[in-house]
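Engineer: Feature table excerpt (Swiss-Prot):
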- C26-C52: disulfide bond (DISULFID)
- 26-626: topological domain 'Extracellular' (TOPO_DOM)
- C46-C102: disulfide bond (DISULFID)
- N51: N-linked glycosylation site (CARBOHYD)
- N94: N-linked glycosylation site (CARBOHYD)
- 126-231: domain 'Fibronectin type-III 1' (DOMAIN)
- N129: N-linked glycosylation site (CARBOHYD)
- C132-C143: disulfide bond (DISULFID)
- C168-C219: disulfide bond (DISULFID)
- C178-C187: disulfide bond (DISULFID)
- N186: N-linked glycosylation site (CARBOHYD)
- C249-C296: disulfide bond (DISULFID)
- C267-C310: disulfide bond (DISULFID)
- N279: N-linked glycosylation site (CARBOHYD)
- N392: N-linked glycosylation site (CARBOHYD)
- N408: N-linked glycosylation site (CARBOHYD)
- 434-529: domain 'Fibronectin type-III 4' (DOMAIN)
- N474: N-linked glycosylation site (CARBOHYD)
- N487: N-linked glycosylation site (CARBOHYD)
- 530-624: domain 'Fibronectin type-III 5' (DOMAIN)
- N582: N-linked glycosylation site (CARBOHYD)
- N613: N-linked glycosylation site (CARBOHYD)
Amino acid sequence: MVGLGACTLTGVTLIFLLLPRSLESCGHIEISPPVVRLGDPVLASCTISPNCSKLDQQAKILWRLQDEPIQPGDRQHHLPDGTQESLITLPHLNYTQAFLFCLVPWEDSVQLLDQAELHAGYPPASPSNLSCLMHLTTNSLVCQWEPGPETHLPTSFILKSFRSRADCQYQGDTIPDCVAKKRQNNCSIPRKNLLLYQYMAIWVQAENMLGSSESPKLCLDPMDVVKLEPPMLQALDIGPDVVSHQPGCLWLSWKPWKPSEYMEQECELRYQPQLKGANWTLVFHLPSSKDQFELCGLHQAPVYTLQMRCIRSSLPGFWSPWSPGLQLRPTMKAPTIRLDTWCQKKQLDPGTVSVQLFWKPTPLQEDSGQIQGYLLSWSSPDHQGQDIHLCNTTQLSCIFLLPSEAQNVTLVAYNKAGTSSPTTVVFLENEGPAVTGLHAMAQDLNTIWVDWEAPSLLPQGYLIEWEMSSPSYNNSYKSWMIEPNGNITGILLKDNINPFQLYRITVAPLYPGIVGPPVNVYTFAGERAPPHAPALHLKHVGTTWAQLEWVPEAPRLGMIPLTHYTIFWADAGDHSFSVTLNISLHDFVLKHLEPASLYHVYLMATSRAGSTNSTGLTLRTLDPSDLNIFLGILCLVLLSTTCVVTWLCCKRRGKTSFWSDVPDPAHSSLSSWLPTIMTEETFQLPSFWDSSVPSITKITELEEDKKPTHWDSESSGNGSLPALVQAYVLQGDPREISNQSQPPSRTGDQVLYGQVLESPTSPGVMQYIRSDSTQPLLGGPTPSPKSYENIWFHSRPQETFVPQPPNQEDDCVFGPPFDFPLFQGLQVHGVEEQGGF
């Protein structure tokens, strides 16, 4: 069952196949006619038998053509026998092959009753271009034709013929027909059905279901359409005496195909050198058989290809196919060339020189002979005129070793026929003036123009040499040429020039017997844009400006110089700007930018060959608020630094204003300040003793007590002394100097305060009070320093000393402070510092 709106060809066919036999026999389709011309109308009828009980007697008959929509018939009626019939006319059948279906409604779908196949096409056109050939190989007459347009219908082609006389106006015996195979446009009449040398009429008949047609009749004699087979070519072996006298010739022979030996034939020979772009050359009116044929005047090509074909002589017929190609090498003649040479020498040691010789053959005539190799030799005086072969090569260069005294070598080109005229190569010295102003420039991708200024001495010619200057290129091969005209100052190099390669070009002038010094220049073949542009770097940026910099590429050999730079920048709104800069600039400042904005910048490097862009650089200008914050932080840091420095300076100055800058004796190594032997000094205490009191005779060094002790601060008479006098009590004549020496102190030991032990004239032992002060000596009383003990001093009984008032005439109670031994080492800055005490 198939839906009414979706009934397809596959669906209805499947339903038809699955129908029961009783339902299948209910309907029947008739087509009139079943095959029509494409586009013609088709009449069809569908009948339903009255014996079909499964269908309603009033069922409506429907039609469907191929995949087109279902449609009712043109007219439906009942026949007298109760059969229902539906008629339909298809106005245009546009299918070459289609199915027509007869349907009836069945519940919610349609039921297939019957189907019929329709065919449409065209009647066959008359075949054309009928031709026949008599093949002696198959011994049959083979005819072929063109069938004409496609008919879309099965069409058969029949080759018909009959024997006749004269111009085929009289029909004789009929020859059996030849039916061509399907989709073949030829047919053969065997030899047994043919009468040679008798005319026959031949034509082709085409037939299909819509009609038939015939080609025009062809009247011929089978022997007039004979197609021969090609002859057999052979090469002849000629003796060497003939070859040497006749260079540039070929010798060959041929024989006709054996079945056609009895026929008179005329042949053609064609030959072609195996060279690019060479054409065939024809030789006409040759006989069908030749035991020896000489073909001369050939160019010195490596190999020639020869072919031959034949036709019946003086009679109608067809040319045979060309014979298979025969490859022959023409006889040679000795090369007739001029050898241009150029050499380079290198001294290996005092007795040996290495020579690299280049040469180039120049033909002296159109047919200069084939070259099979080059022979380079040297005549050594030690070998009594016998030549020493240095090189035997097919290349155009050779490297060899010679004694330093060798002056020349001999070069010849050779082949089987002989050698060319010898060329003497003289080793020239590099003397004479060189060319100046050498310049090279690429004209296009495969040519380079080279020019120069002629030297002061006009040369006979110039040697131009060029080679690739690349690490990956083999420098052993060089291209070179000799310009024989010394007046020329420029030349175009065309050979062996590859695009976009760096070339080293050398020009040397040629003088009689010498060659000038070579001059080099480098250039590229075919200029192109620089490979890359310098990379941009952001140096500084502000709110409305940005400074850019770049590093130019280092120049290289042959490098095309840049002409200028161009900087392009664009903002986020695709507003682009540009500026062109001189090639000497390496930085640039972009101005008038928007604050806090993004910009895309790139640099373009330009030469005369093109331009190349650098990689893009993206920058962002500063925001004014960010700049203010930055400046505020900077000012705050500077202010803080200034305050700290000022505070430190003021602190040091305040400390100096309270006391002098004197080291602390208790925490200093004063031993290094004192001399090794300390001079005893006489200390005086004014107004305490008279002039008869002897001076101090001995000063001992006290040791530091492990357990600190304190002097009796309540000794009698101390209260009346000044504070400074309480710290140190001295005796002796102030003008008297003791000559006794102090024992040397150890280096690094602390220098302790001294104590007077005894005096010969002293009425009693006096006790001296040590100060515990660790501060520099001041004018007022200070705390006592750490006490020190002396064993001998403590063993004596303590005595009280009552001081007297000081003499007002003295400037100091106990003289200048530097009279005290412990202050001798403080005299390091001069006497001018005494005011600090």
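Each Cβ is built from the backbone N, Cα and C atoms, and glycine gets one as well.
Help me picture these features in the structure, burial and contacts included.
Structural biologist: Of all Cβ atoms in the protein chains displayed, 23 besides its own lie within 10 Å of the Cβ of C26 (disulfide bond). In the three-state DSSP scheme, C26 (disulfide bond) is classed as coil.
A sphere of 10 angstroms centred on the C-beta of C102 (disulfide bond) encloses 28 other C-beta atoms.
Taking Cβ-Cβ distances under 8 Å and a sequence separation of 6 or more, N51 (N-linked glycosylation site) has no neighbours in its chain. Under DSSP, N51 (N-linked glycosylation site) is assigned to coil, being neither helix nor strand in the three-state scheme.
For N94 (N-linked glycosylation site), other Cβ atoms within 10 Å of its Cβ number 11.
DSSP assigns N129 (N-linked glycosylation site) to a strand. Proximity of N129 (N-linked glycosylation site) to non-local residues of its own chain (separation of 6 or more, Cβ distance below 8 Å) is seen for W145, E146, given in sequence order.
The Cβ of C132 (disulfide bond) has 23 other Cβ atoms within 10 Å, all protein chains considered.
Taking Cβ-Cβ distances under 8 Å and a sequence gap of 6 or more within the same chain, the neighbours of C168 (disulfide bond) are Y199, M200, A201, K217, C219.
The C-beta environment of C178 (disulfide bond), restricted to residues of the same chain at least 6 apart in sequence and closer than 8 Å, consists of I158, L159, C187, S188, I189.
N186 (N-linked glycosylation site) falls within a strand segment according to DSSP.
C249 (disulfide bond) counts 16 other C-beta atoms within 10 Å of its own C-beta, drawing on all protein chains shown. Annotation note: C249 (disulfide bond) sits in a coil segment as assigned by DSSP.
Under a cutoff of 8 A between CB atoms, and with a sequence separation of 6+ in the same chain, the neighbours of C267 (disulfide bond) are P231, W254, L286, P287, S288, M308, R309, C310, I311.
The Cβ of N279 (N-linked glycosylation site) has 8 neighbouring Cβ atoms from other residues within 10 Å, across all protein chains displayed. DSSP gives N279 (N-linked glycosylation site) a coil state; it is part of no helix or strand.
The Cβ of N392 (N-linked glycosylation site) lies under 8 Å from the Cβ of G373, Y374, L375, L376, each of which sits 6+ residues away along the same chain. In the three-state DSSP scheme, N392 (N-linked glycosylation site) falls into the strand class.
For N408 (N-linked glycosylation site), the same-chain residues that are 6 or more apart in sequence and have a Cβ closer than 8 Å to its Cβ are T424, V425, V426, F427. In this structure, N408 (N-linked glycosylation site) is part of a beta strand by DSSP.
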Engineer: Using DSSP with the three-state reduction, classify C178 (disulfide bond) as helix, strand or coil.
Structural biologist: strand
Engineer: Tell me which residues of the chain lie with their Cβ under 8 angstroms from that of N613 (N-linked glycosylation site), as long as they are six or more apart in sequence?
Structural biologist: A533, Y602, L603, M604
Engineer: Determine, to the nearest whole angstrom, how far the Cα atom of N582 (N-linked glycosylation site) is from the Cα atom of C102 (disulfide bond).
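Structural biologist: Here the two Cα atoms are 91 Å apart.
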Engineer: Looking at the recorded positions listed here (C26, C102, C143, C249, N279), whose Cα lies nearest to that of N487 (N-linked glycosylation site)?
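Structural biologist: Closest by Cα distance to N487 (N-linked glycosylation site) among the recorded positions C26, C102, C143, C249, N279: N279.
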Engineer: Please determine which of the disulfide-bonded residues listed here (C46, C187, C310) has the lowest count of neighbouring CB atoms within 10 Å.
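Structural biologist: Selected from the disulfide-bonded residues C46, C187, C310 on minimum Cβ neighbours within 10 Å: C187.
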Engineer: For C102 (disulfide bond), identify the closest of the disulfide-bonded residues C26, C52, C132, C143, judging by Cα separation.
Structural biologist: C26
Engineer: Once near-sequence residues are set aside, which residues in the chain of N186 (N-linked glycosylation site), 6 or more away, have Cβ atoms under 8 Å from its Cβ?
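Structural biologist: Non-local contacts for N186 (N-linked glycosylation site): V142, C143, Q144, W145, A180.
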Engineer: Of the recorded positions C46, N94, C249, which one sits closest to C26 (disulfide bond) when you measure Cα to Cα?
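Structural biologist: Answer for the nearest of the recorded positions: C46.
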